[in-house]
Amino acid sequence: MDKLKCPSFFKCRGKEKVTASSENFHVDENDENQDRGNWSKKSDYLLSMVGYAVGLGNVWRFPYLTYNNGGGAFLIPYAIMLALAGLPLFFLECSLGQFASLGPVSVWRILPLFQGVGITMVLISIFVTIYYNVIIAYSLYYMFASFQSELPWKNCSYWADKNCSRSPIVTHCNVNITKEIIQVNKSWIDTNNLTCINGSEIYQPGQLPSEQYWNKVALQRSSGMDETGEIVWYLALCLLLAWLIVGAALFKGIKSSGKVVYFTAIFPYVVLLILLIRGATLEGASKGISYYIGAQSNFTKLREAEVWKDAATQIFYSLSVAWGGLVALSSYNKFNNNCFSDAIVVCLTNCLTSVFAGFAIFSILGHMAHISGKEVSQVVKSGFDLAFIAYPEALAQLPGGPFWSILFFFMLLTLGLDSQFASIGGNRFIADIEMMIGAKRCIFWLWWRACWFVITPILLIAILIWSLVKFQRPDYAKIPYPDWGVALGWCMIIFCIIWIPIMAVIKIIQAKGNIFQRIVSCCRPASNWGPYLERHRGERYKDMVDPKKETDHEIPTVSGRGKPE
């Protein structure tokens, strides 16, 4: 039906006739919310949430942390942190977004004093988006480079130096010169056509072809952050392509991204299953699995505080809580969607994916250790080193290496894209949640109250303090970051969180009364907080101001629904 509307971002000189479809191109006539739209199907939402939560951290961070923190024993603190911190925060964010049908900034109408938290969420998502798209660009480059009969990093090629070798390199040895035994440099021996005395060789580890390819060809890495180097044109093109892919997938908002995730969320599981089956058939696979979660499990590690901190940070990292994406995705749900069961399903899927990915990764790394004659601990890596050095090296040793390489890097691409798509309260809120999912017994809320009000905040504060106490200067490839690089990192952090006190001060200044009254008024929901659609407001929110009106600057009322319940 046609209706009159003046776009809010223009000053209208007259009424303009527009259609609902032109007003918002991702809204269908069957959507419950005709202003913002809804997910076409429940499966669209669930797959988008799984795709957002399940990312690169599940593949390249969790397996390494498990190995490094006691193997199977690490699953104990991991499960505890999921129950005490990860799941409660995940459920809370999903409930907030679904109840108000608002994004991560506007949803803080529930507590105007902390609206700066929403701005911080958005800024963090921006930084993470930039970082993630760089990884997607690397994955695209490696995927394109794999379309060859032989992987380019399989052997030391024209780009390699004398240190390129899969086996240890002889640096010095003893030789017999005029009946005198002396130790000399191996290069001098080769130049003079001499031979080392057996057993006198001194070795140093060589650099894998995949490592030199990553540094010299893919990155063309400079000596440090002080030397920027030249623009690598093929990586720049891959980065441009990465942004174009993300933009194309999000062109029509949730209507397009909700369909794309049917592929991007499911495909990684297919690849991981294929890699697990292939890896399990390789020699040495059982040794890798044993190091991951078998006989090498070390329960004494549970006494170390660092293990518990790693478990908590991995939960937050993999579930993507506090980045704003969960609020944004959930805001497109229908009002009476059961967000509680959704939170359980997505969190369990995420954590089981991490464990599953570990088996696929370590079976291949076990084979890599077997053929190189090394211990698994010598080939296990994390982050970029796992994704672009250790795993490409292992894939290069497999029959049909290019095929497995294309699958692996396409999987990294889809994992990154999934997470990209989504990045672009108290007692009173418990009653709000019951308006959506129905009334629950007191015993049901006992656990969530304990987590939201006591356990989770204490855990987060403890982790923050521990991280600050244990902070060490970051490095890359054993090269420490310069002072200006560390300062830049702290500036990025401050730039994100500074909006929390800034917005708190602004809200207090805008309020009326003495300082105590102003703070109290800013700790109550704004007058336009509540369900987005009028038919869902009921008696509880019957006096609510239209949420489409920006009235966050107004002082929340202290009567009616504003009273503590």
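Using N, Cα and C of the backbone, Cβ positions are placed for all residues, glycine too.
Proximity of distant same-chain residues to the transmembrane segment (45-62), defined by a Cβ-Cβ separation under 8 Å and at least 6 residues beyond the stretch ends, is recorded for 39, 132, 135, 254, 257-258, 261-262, 264-266, 268, 272, 314, 317-320, 325-326, 329-330, 332-333, 337, 342, 345-347, 349-350, 353-355, 357-358, 361, 382-383, 386-387, 411-412, 415-416, 418-419, 421-423. According to TrEMBL, the feature transmembrane segment maps to 45-62 (among others).
Around the Cβ of Leu415 (Na(+) binding site), the number of neighbouring Cβ atoms within 10 Å comes to 28. The Na(+) binding site feature in TrEMBL is assigned to Gly51, Ala53, Val54, Asn58, Ser318, Asn350, Leu415, Asp418, Ser419.
Residues or ranges marked as transmembrane segment by TrEMBL: 74-92 (among others).
What TrEMBL records for 113-144 (among others) is transmembrane segment.
For Cys164 (disulfide bond), the number of other Cβ atoms no farther than 10 Å from its own Cβ, over all displayed protein chains, is 19. The disulfide bond annotation in TrEMBL covers Cys156-Cys164.
Residues annotated as transmembrane segment in TrEMBL: 231-251 (among others).
Beyond the transmembrane segment (260-280), the same-chain residues lying 6 or more positions past its ends with a Cβ under 8 Å from any Cβ of the stretch are 43-44, 47-48, 50-51, 54, 59, 249, 288, 353, 356-357, 359-360, 363-364, 366-367, 398, 404, 407-408, 410-411, 414-415, 417-418, 421. The transmembrane segment annotation in TrEMBL covers 260-280 (among others).
Positions annotated as transmembrane segment by TrEMBL: 315-332 (among others).
Summarising the annotation, TrEMBL assigns transmembrane segment to 344-365 (among others).
Look at TrEMBL and you will find 403-425 (among others) tagged as transmembrane segment.
Annotation comment: TrEMBL describes 446-467 (among others) as transmembrane segment.
The transmembrane segment feature in TrEMBL is assigned to 487-509 (among others).
What TrEMBL records for 546-555 is compositional bias 'Basic and acidic residues'.
Annotation comment: TrEMBL describes 546-565 as region 'Disordered'.
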Quiz item: If one measures from the C-alpha of Ser318 (Na(+) binding site) to the C-alpha of Cys164 (disulfide bond), what distance in angstrom results, rounded to a whole number?
Solution: 35
Quiz prompt | Contact set, same chain, for the transmembrane segment (113-144): CB under 8 Å, 6 or more residues outside the stretch | solution = 55-56, 103-107, 218, 234-235, 238-239, 241-243, 245-246, 322-325, 327, 387-388, 392, 405-406, 409-410, 412-413, 416-417, 419-420, 423-424, 492, 495-497, 499-504, 507-508, 519, 522-523, 552
Quiz item: Cβ under 8 Å to the transmembrane segment (487-509), counting only same-chain residues 6 or more beyond its ends: which ones?
Solution: 112-117, 119-120, 123-124, 127, 474, 481, 515, 518-519, 522
Self-check item: Cβ atoms near Ser419 (Na(+) binding site) (within 10 Å, other residues, all chains)
Solution: 24
Quiz item: At an 8 Å Cβ cut-off, counting only pairs 6 or more apart in sequence, do the transmembrane segment (446-467) and the transmembrane segment (74-92) clear the bar of 3 or more pairs?
Solution: yes
Quiz item: Can you say which of 231-251, 315-332, 344-365 has the most Cβ pairs under 8 Å with the transmembrane segment (74-92)?
Solution: 315-332
Quiz item: Given the recorded positions Val54, Cys156, which one's Cβ is surrounded by the fewest other Cβ atoms within 10 Å?
Solution: Cys156
